[in-house]
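Some notes on the structure that comes next.
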Amino acid sequence: MDEEENGKVAAAASATTGGGGGGAPEIPKKSLFRYNSPLVQVGLIGVVCFCCPGMFNALSGMGGGGQVDPAASNNALTALYTTFAVFGIMGGGIYNILGPHMTLFAGCSTYVLYAGSFLYYNHYQHQAFVVVAGGHLGIGAGLLWAAQGAIMTSYPPHGRKGTYISMFWSIFNMGGVIGGLIPFVLNFHRTKAASVNDATYIGFMVFMSVGMIISLGILHPSRVIRDDGSSCTNIKYSSVSTEVVEILKLFLNWKMLLMVPASWASNFFYSYQFNNVNGVLFNLRTRGLNNVFYWGAQMIGSVFVGYLMDFSFKSRRARGLLGISVVALLGTAIWGGGLAKQLGYSRHHEPEVKLDFKDSEFAGPFVLYFSYGLLDAMFQSMVYWVIGALADDSEVLSRYAGFYKGVQSAGAAVSWQVDAHNAPFLSQLIVNWTLCTISYPLLAVLVIMAVKDEDGEDGGGEGKGKSVMPALH
């Protein structure tokens, strides 16, 4: 059945490009830079995310959006993740209906407005515009990340999903590295500055605008052909009624329910790490430098986990379990180190002097913050690998990725308000550590029950144009 369907896809692709004379062959010529190859397309979505979410991460990672008072940033991020939670879940269906061009372009445009709102805030100190821009960005981010999740998990061949995820994650997080250099360089001589200068926000806006343009180069999954001649989906465009029904089914899908704690945890720790570690312990220019290494660490973490989950064992299920076990072990060690540091200060007893990168006491807290970045990438790469192992078709995986991002964003919305209401630093750390710890055994159960070792089958019999989602009764 698989070979027959793949043949039909190849024949359809040949017909649309001119048939037997000048049409594309069933098995495309192997080329590293073939434009409709999964490698190039995943690379392109990585560049888009480098420019837009990557720069957003650098902006958020400074603590308080680069402002002395994090209140405006916290409220904007709460609005952002609230709308993100809704449109993250809906985003997979919207992507299936509109395709990548309109979905990604609309999503990217909202990042530019968000960075611009902080430029406005630098002069007028009015929160309203920043909060509205945050809510607007949540809509766009839901669209962008649903499309990204579908592309990253469905385009690669079965046995190389971890490799492609790590490639994407490295390109994407290079945006955070470059974005971290922007405030570090532009504010290098402002050792006592409270807020970043205008040029910092303008630099972010330029990168985000470039990403918006590049997003138009992403092909529809039906036009992306793997090296074996198979297509990433048999569906051209879906319908609104179909997507509404399939999205609602996700809330009774046992696979998705097992992923809820991991989804909730995966962005919940950002408010603690950005505001209460980087923002509290370090001065402005050092926060920018720290971000360079925080997002750089993510490149290392994603490559490490991608290798483990693609090449460690022949059995796909065994690779998944090994990856989860390693991330659990390292995560426990990193959160333990965070606890040791957190016991030395609190919200009511913050350090009197913020650390500079030239200070002798800089090394320990810096290594901790670097390790948090490492863990973030390992945790999320692990989750994306599991999602990619559950199905193979872009249409199904766009919904799975959208559900993941929706729940993730709901958790983030709560976490930013937890911090805005001055929850104790230690309590935030313990909650973050607990959420991550609960996630590991549930993901292991999901891998054991739903991930098949045979390359020819996906996790639950899904992914060939029809979605059969088992429900809890």
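In case you wondered, yes, glycine gets a Cβ from its N, Cα and C as well.
Residues or ranges marked as region 'Disordered' by TrEMBL: 1-23.
Per TrEMBL, the feature transmembrane segment maps to 39-59 (among others).
What TrEMBL records for 79-97 (among others) is transmembrane segment.
Residues or ranges marked as transmembrane segment in TrEMBL: 104-121 (among others).
What TrEMBL records for 127-147 (among others) is transmembrane segment. Tertiary proximity for the transmembrane segment (127-147) is limited to same-chain residues at least six positions away from its ends with a CB under 8 Å from its CB atoms, namely 45, 48-49, 52-53, 56, 65, 71-73, 75-92, 94-95, 100, 103-104, 106-111, 113-114, 116-118, 120-121, 218, 398, 401-402, 405-406, 409.
What TrEMBL lists as transmembrane segment is 168-189 (among others).
Here the transmembrane segment (201-219) has Cβ contacts under 8 Å with residues 35-36, 41, 44-45, 47-52, 54-56, 58-59, 66, 100-101, 104-105, 107-109, 111-112, 115-116, 118-119, 122, 147, 151, 175, 178-179, 182, 186 of the same chain, all six or more residues outside its ends. The transmembrane segment annotation in TrEMBL covers 201-219 (among others).
According to TrEMBL, the feature transmembrane segment maps to 292-309 (among others). Long-range Cβ contacts of the transmembrane segment (292-309) within its own chain (Cβ-Cβ under 8 Å, at least 6 residues beyond either end) map to 54, 57-58, 61, 161-167, 169-170, 173-177, 179-181, 184, 278, 319-320, 322-323, 326-327, 366, 369-378, 381-382, 385.
TrEMBL lists 321-340 (among others) with the feature transmembrane segment.
Among the features that TrEMBL reports, transmembrane segment is placed at 366-391 (among others). Counting residues 6+ beyond its ends, the transmembrane segment (366-391) has Cβ neighbours under 8 Å at 149, 152-154, 156, 161-162, 165-166, 169, 173, 255, 259, 262-263, 265-266, 269, 273, 277-278, 290, 293-302, 304-306, 309, 316, 320, 323-324, 326-327, 330-331, 334-335, 337-338, 341, 357, 397, 400-401, 404, 436, 439, 443, 446-447, 450-451, 458-460, 462-463 in the same chain.
What TrEMBL lists as transmembrane segment is 430-451 (among others). For the transmembrane segment (430-451), the residues of the chain that approach it from at least six positions outside its boundaries are 255, 258-259, 261-262, 264-265, 268-269, 272, 316-317, 320-321, 324-325, 327-328, 331-332, 335, 338-339, 379, 382-383, 386, 389-390, 411, 459-460, judged by C-beta separation under 8 angstroms.
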Result, the transmembrane segment (321-340) in contact with the transmembrane segment (104-121) (3+ CB pairs under 8 Å)
no
Cβ under 8 Å to the transmembrane segment (321-340), counting only same-chain residues 6 or more beyond its ends: which ones?
162, 277, 305, 308-309, 312-313, 368, 371-372, 374-375, 378-379, 382, 385, 429-430, 432-433, 436-437, 440, 443-444, 447-448
